[in-house]
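The structure appears below as C-alpha cells.
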Amino acid sequence: MKKFLKSTAALALGLSLTFGLFSPAQAAPDTSVSNKQNFSTDVIYQIFTDRFSDGNPANNPTGAAFDGTCTNLRLYCGGDWQGIINKINDGYLTGMGVTAIWISQPVENIYSIINYSGVNNTAYHGYWARDFKKTNPAYGTIADFQNLIAAAHAKNIKVIIDFAPNHTSPASSDQPSFAENGRLYDNGTLLGGYTNDTQNLFHHNGGTDFSTTENGIYKNLYDLADLNHNNSTVDVYLKDAIKMWLDLGIDGIRMDAVKHMPFGWQKSFMAAVNNYKPVFTFGEWFLGVNEVSPENHKFANESGMSLLDFRFAQKVRQVFRDNTDNMYGLKAMLEGSAADYAQVDDQVTFIDNHDMERFHASNANRRKLEQALAFTLTSRGVPAIYYGTEQYMSGGTDPDNRARIPSFSTSTTAYQVIQKLAPLRKCNPAIAYGSTQERWINNDVLIYERKFGSNVAVVAVNRNLNAPASISGLVTSLPQGSYNDVLGGLLNGNTLSVGSGGAASNFTLAAGGTAVWQYTAATATPTIGHVGPMMAKPGVTITIDGRGFGSSKGTVYFGTTAVSGADITSWEDTQIKVKIPAVAGGNYNIKVANAAGTASNVYDNFEVLSGDQVSVRFVVNNATTALGQNVYLTGSVSELGNWDPAKAIGPMYNQVVYQYPNWYYDVSVPAGKTIEFKFLKKQGSTVTWEGGSNHTFTAPSSGTATINVNWQP
C-alpha cells in the first residue's frame with residue numbers, strides 16, 4: 001500500500017477527544033505477543049548477545065577465546081541468553097517499551113581462534129556457523145533458549161533470531177587446516193568441508209568484488225565458505241534447520257546477506273516458512289548513502305520478506321547526525337520509499353546497527369540522537385533500536401560499534417524517549433498503520449501527520465539546535481481541542497491548540513524541540529492496516545489486522561473470490577484469520593466486508609503461490625544477444641510470469657557459474673508440477689521469443705534441480 005499523502009486541506013472531525021497523555025489500552029489481537037505475522041505495533045531491540053549481559057559465567061568460553069574485560073572486542077565477552085532473561089525479568093526492556101528482541105544467530109559456531117593481522121578473532125558475533133541445528137554453547141543450551149522464549153513471551157516480548165544461511169565460516173581453498181575449513185554439520189554429523197568438497201556443498205568461484213549482483217551471489221563474501229543453495233543437501237538442510245527454530249517458538253527471522261544469495265532460492269525458503277509456521281521475516285540488503293536500488297525494491301516486493309530499511313537509516317543519519325541533508329531530503333525519502341515498497345510499513349527502520357558506525361559520537365550533542373529516535377519511533381515501518389543506543393554508546397566501524405553495553409540506566413533521556421513513544425504503536429493505529437503526510441516544512445523543521453481512519457498523530461521536529469522556529473499556518477486532521485505533548489516536554493515540546501477545521505494556533509517550536517500530539521477514536525468501518533504473510537499457497541491461514549471489522553464474521557475477498565464461514569478461522573474487531581482459497585497462482589487484492597456488507601480499503605500485491613516451492617536452476621545455452629539485450633524466462637505458471645513478457649524472470653546471469661552465451665537463473669517454482677517454459681530476449685519494449693516448441697520439465701517434489709536446454713532459433 002502506498003502510504004505517503006501530499007498535503008491537502010484537513011477535514012474536521014466532530015468526535016470526542018483523546019488528549020496527548022494516555023494509558024495503554026487493553027491488548028487487542030493485532031497487538032498481541034502471539035501475532036507473529038505483524039510487527040507494525042512493535043518496537044524491536046537488537047541485542048548482540050555476547051555484548052549485552054553475562055547471566056551465566058559457567059558457559060563462558062575458556063582460554064584465549066575469552067576476554068572478561070571486553071578489551072579485545074574480537075573475543076567473547078560473556079553475554080548469554082540468561083543475561084537477556086535477567087534484563088527481561090528486572091524490567092529494563094519492558095520499562096523501555098520494547099516488545100520484540102532481535103538476538104544474534106543462536107546456532108553453533110566454530111570454536112577456532114583465527115588470527116588476522118596479528119589480532120585473534122572468535123565467532124562471538126554468531127555469523128561463523130558450523131551447525132545450524134545446535135546452539136552456540138557460549139550463549140546457552142537448548143533449554144536456555146526455551147527459557148528465553150518463555151520469559152520473553154511472559155512479558156509480551158517477541159523473539160527474532162538472526163539467521164545467516166549464506167555461508168558457514170572462514171575457509172581457505174588451498175589450506176584445509178585453516179580455521180575449521182568451513183565445515184558444515186547436521187546436528188553433530190559432518191556433511192562436508194570447503195576443501196575436497198566432493199558433494200559440491202559450497203561455491204568455489206573465488207571471492208566477490210561486489211561489481212555485480214551475480215558476482216555477489218555466486219562468489220564468496222570475503223573468506224567465508226559460500227554455501228551452494230542449488231545443492232539439494234544444502235537446500236533441505238537449511239529449510240529443516242529453520243523449521244527446528246520455528247518449532248522452538250521464535251516469532252521472527254532476520255535473514256543475513258540476502259543480496260548475496262540466489263533470489264529464487266530465498267523465495268522457496270520463505271515459502272517453506274510461510275507454508276509451515278509463518279513469522280515476520282526481514283532481510284539485510286545494505287545500501288550506501290543516497291543509494292536507491294530497484295533490485296532492492298523488487299526483492300522486498302516479491303521475495304516474501306521485507307528488508308532492513310537502509311535507505312531510511314542513511315537519510316536519517318544525513319539529516320540529524322551529519323547535517324549533510326535537510327528536511328526536504330527526509331521528506332523525499334519518505335515519499336520515494338512509500339512509492340517503491342509495496343508494503344512500506346513492513347520495512348524495518350533503524351538509525352544504526354552492528355555494520356555501521358554508531359549514530360552517537362562521544363563529543364556530539366545528545367539531542368541529535370534523541371530526535372532521530374523520536375522520528376524513527378513515530379515514522380512508518382517497524383522501528384529497531386540497536387542495544388546501548390539508549391545509553392548513548394558511541395563507536396566507529398566493526399568492532400568498535402559492538403562494545404559491551406556500559407550500563408542499564410533507566411534515567412537517560414534517550415531511554416525515556418523510547419519509553420514514552422514506544423507504547424503509541426500499541427495504542428494508536430495511526431503510528432502502526434497510518435499514512436504519512438507532510439504538514440509543515442522548511443530546511444530545519446518537519447511537521448508530519450500519521451493517520452489511520454480517525455486516528456491521528458502529529459509530530460514536529462526542529463533539528464536546529466540553536467534557533468527556535470515560528471510555526472504558523474499549520475493545518476492537521478486533529479479535532480478541535482488542546483493536545484499535550486506525548487513526550488511531556490522531554491525534548492522541549494509544547495502543547496498544541498487546534499481550532500475548527502484542524503487549524504493549529506501559531507506557536508514556537510523550541511531549538512532542538514520535538515513534540516508529539518495524538519488522538520484516537522473508534523473506527524466504524526472496516527480498515528485494513530496489515531496483512532501477513534504476503535505470500536503463501538492455498539490453504540495457509542493468513543492474518544489481517546486493522547480496525548473496525550466488527551465482532552461478527554463477514555467476508556474476505558481475494559480478488560473477486562469470496563471467503564466466508566469455516567474458512568475464516570477467527571474474526572474480531574482488530575484481527576481476522578482466514579485460509580487462502582483454492583485460486584490460481586498470482587497476485588491478488590485483498591479486502592474485507594463486515595457482517596453488514598460494508599467494504600474495507602484494498603490491500604494489494606498479495607501473492608498466492610501455485611503450491612509448495614522448490615528452487616530450480618534454468619540454463620539456456622548459445623543464446624547470443626545484441627548490445628543492450630538480455631535473456632529472460634517465462635512459462636506456464638505464475639511463478640514464471642504465465643507467459644507475460646512483462647512478468648518474465650530475469651535478466652538472467654552469464655558471468656560466474658555459466659558464461660556468455662550461456663545464461664542461468666535460480667527460480668522458485670511449484671514442487672512436483674510439470675511446467676512448460678521458454679526463453680526470450682528483451683531490449684526495452686522489444687521482445688524476441690525463442691522459436692520451436694515449448695520446453696517441458698517436471699519440478700522435483702523437494703530439494704533442487706537444474707534444467708539445461710539450448711536456445712531454439
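A Cβ is built for glycine as well, from the same backbone N, Cα and C atoms used for every other residue.
Matching H153, H204, H260 to the Ca(2+) 2 binding residues that Swiss-Prot gives (N166, I217, D226) identifies H260. Candidates considered were C77, C427. The record in Swiss-Prot pairs C70 in a disulfide bond with C77. Other C-beta atoms found within 10 angstroms of the C-beta of D256 (active site, nucleophile) number 20, with every protein chain shown included.
For the region 'B' (166-229), the most Cβ-contacting stretch among 434-522, 523-609, 610-713 is 610-713 (pairs under 8 Å).
C77 (disulfide bond) sits 19 Å from D355 (site 'Transition state stabilizer'), taking the C-alpha atoms as the reference points. The recorded positions examined here are C70, C77, D355; by Cβ neighbour count within 10 Å, the least packed of them is D355. Under DSSP, C77 (disulfide bond) is assigned to coil, being neither helix nor strand in the three-state scheme. Sorting each residue of the region 'D' (523-609) by its DSSP state yields 3 helix, 47 strand, 37 coil.
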